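Features reported for this protein in Swiss-Prot:
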- 1-19: signal peptide (SIGNAL)
- 20-82: domain 'LCN-type CS-alpha/beta' (DOMAIN)
- CYS30-CYS81: disulfide bond (DISULFID)
- CYS34-CYS57: disulfide bond (DISULFID)
- CYS42-CYS62: disulfide bond (DISULFID)
- CYS46-CYS64: disulfide bond (DISULFID)
- CYS81: cysteine amide (MOD_RES)
Amino acid sequence: MKGLILFICGFMMIGVILAKEGYPMDHEGCKFSCFIRPSGFCERYCKTHLSASTGYCAWPACYCYGVPANQKVWDYYNNKCGK
């Protein structure tokens, strides 16, 4: 029984570790703006385009939570926006 509980907890932790968060990028590598977007846009965008669990407008850019590890999100150190 203890082994089963440990297995389930370990399996749940894998999901937490493999999920990440961050800003989605547009085609130029810039943060995806939500400045003039309707309410709920970022959540829909994150879920449909990045398979994220949720998202919101962290004015002025969308921010996504629960992004799968294989999806790219904006990174300060590898920023290619406007270059």
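Placed from the backbone N, Cα and C atoms, the Cβ positions cover glycine too.
Fewest Cβ neighbours within 10 Å among the disulfide-bonded residues CYS30, CYS62, CYS64: this applies to CYS30. For CYS62 (disulfide bond), the nearest neighbour among the disulfide-bonded residues CYS30, CYS34, CYS46, CYS81, judged by Cα separation, is CYS34. Each of the disulfide-bonded residues CYS42, CYS57 was scored by other CB atoms within 10 A of its CB, and the lowest score goes to CYS57. Using CYS42 (disulfide bond) as the reference Cα, a 10 A cut-off selects CYS34 from the disulfide-bonded residues CYS30, CYS34, CYS81.
Residues in the domain 'LCN-type CS-alpha/beta' (20-82) partition by DSSP class (helix H, G, I; strand E, B; coil) as 12 helix, 19 strand, 32 coil. CYS64 (disulfide bond) and CYS57 (disulfide bond) are 9 Å apart (CA-CA, integer value). Using a 10 Å Cβ-Cβ cutoff, CYS34 (disulfide bond) registers 21 neighbours. In the structure shown, the C-beta of CYS46 has more C-beta neighbours within 10 angstroms than that of any other entry among the disulfide-bonded residues CYS46, CYS81.
For the pair formed by CYS30 (disulfide bond) and CYS46 (disulfide bond), distance between Cα atoms is given as 15 Å, rounded to the nearest Å.
Each residue in the domain 'LCN-type CS-alpha/beta' (20-82) has a pLDDT score, and their mean in this model is 95.
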